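This report concerns only the one structure given below.
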Amino acid sequence: MGLIDRIYNGKLKYPVMIFTILLGSLISGISFNAFIMPHKLLSGGISGIALITNYLTGISPGVLIFALNVPIFVLGYKFIDKEFIILSLIGMTSFSIFIDAFSFLRGLYIVDDVMLSCLYGGILNGIGMGIVFRNRASQGGIDIVAVIVKKYMSINLGSTSLVINLIIILVASFIYGLKPALYTLITIYVASQVLDKVQQGFDIRKQVIIISEREDEVVQEILKKLHRGVTYLDGEGAFTGKKKKVIYCIVALNQLAKLKQIVKEIDPNAFMAVSDTAEVLGRGFSKRGV
């Protein structure tokens, strides 16, 4: 078990999770104040509604975010486990505080270019949300709705958030104007992509299927040099009717080149199919995250 796993499964589990959630909320709060709000851009979900209201009335966005999240948390309490709700309450509350605490950044106009603000705001906010999600929490709002959808429909978090946000931004465009809404779509899309990357992890895994006449030798080399588990699948050639052992394994991206070399050296005529994996769970792979 690695250091990170020992921390997350030991006595420091919750202190580390809470600290990391606060860090993620801090990053998101900075992204709003440094890049999104100076240019009167919008956001999706509850924070988007809060920003529109803030621009029109001047009411604190942090206060609005907290108040609007109350019914969302009541809904989440009925459908999601209590640990997630408690940690999400920490995430939402801290985000509400940070978005007001760093309000002085709005007047600095760190980036004058609106498009760059869209990109950097989306990247930072995606990182912040992703960090929070990896610690089994959220920042409230439609994040909780997205988790409910993932739990019952297996749709990834970023995609669900993106669809809901599109609906909200479409409505907002009629109130605040089309141009800010179009810029906001860029920010939301970038944030959703970064969110998925951070939440799933950057340790990309590849699914590999190998058909070889020397399958036992290939498997032994994989076990010896890559230290990855391998599974035999029963196969049969459609044309020849010949029974075959199909090799199935999951490897890290940085192991793929070595695997190709192993197969090529043992059996140059071997058939190999490589595909991406959305997520890999189980022994030797990721166990954390929402």
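Each residue, glycine too, has its Cβ placed from N, Cα and C.
The following features are taken from TrEMBL:
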DOMAIN    228-282  domain 'DUF2179'
TRANSMEM  12-35  transmembrane segment
TRANSMEM  55-77  transmembrane segment
TRANSMEM  84-108  transmembrane segment
TRANSMEM  114-133  transmembrane segment
TRANSMEM  154-175  transmembrane segment
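For the transmembrane segment (84-108), the partner stretch with the most Cβ pairs below 8 Å, chosen from 12-35, 114-133, 154-175, is 12-35. Long-range Cβ contacts of the transmembrane segment (114-133) within its own chain (Cβ-Cβ under 8 Å, at least 6 residues beyond either end) map to 20-21, 23-32, 34-36, 38-39, 41, 43, 91, 139, 143, 157, 183-184, 186-199, 289-290.
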